[in-house]
Amino acid sequence: TFVAIKPDGVQRGLCGEVMKFIQPMKQHYLDLKDMPFYAGLCKYMSSGPVFAMVWEGEGIVKMMLGETNPADSKPGSIRGDFCINIGRNIIHGSDTVENAKMEVALWFKPEEFVTYTEKAKAWVYE
């Protein structure tokens, strides 16, 4: 696909900002670079805006997202309710705590987070 940053983007000095969007996506999926679907995945993930978030909760995030393959996801999960194809499963979730730390660091700066103490946590988790 031919991509051009239009004159208004160039004049506004946004070329670097546009490239900042594309580079993290390739780095995010770097562990899959030897897979046959890597190029298509990078193209798909760079084809439009993404809404990046950080969620937390002991064991709940994976349950809310559902399985990578929507066909294996339970009703009531995001993928179980809204997806039918593994290649277009609408949402990404880190598969391990270690990967989550790397992915969060790739997409967010430390100053973008709010530090808070969740008072109910002591009453929910042991």
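Cβ from N, Cα, C; glycine included.
Annotation source Swiss-Prot lists active site, pros-phosphohistidine intermediate at His92, citing similarity to another entry. Summarising the annotation, Swiss-Prot assigns ATP binding site to Lys6, Phe37, Thr68, Arg79, Asn89 and lists similarity to another entry as the type of evidence.
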List, in sequence order, the same-chain residues at least six positions removed whose CB sits under 8 Å from that of Phe37 (ATP binding site)? Gly87
In whole Å, how far is His92 (active site, pros-phosphohistidine intermediate) from Arg79 (ATP binding site) when you measure between their Cα atoms? 10
Cα distance (Å, whole number) from the residue listed as 'active site, pros-phosphohistidine intermediate' to Thr68 (ATP binding site): 8
Recorded positions considered: Arg79, His92; fewest surrounding Cβ atoms within 10 Å belongs to His92
Output, ordered by sequence, the same-chain residues six or more apart from Asn89 (ATP binding site) with a CB under 8 Å from its CB, or 'none'. Thr68, Asn69, Pro70, Arg79, Cys83
Three-state secondary structure of Arg79 (ATP binding site) from DSSP? helix
Students should find that the Cβ of Thr68 (ATP binding site) has, within 10 Å, a number of other Cβ atoms equal to 14
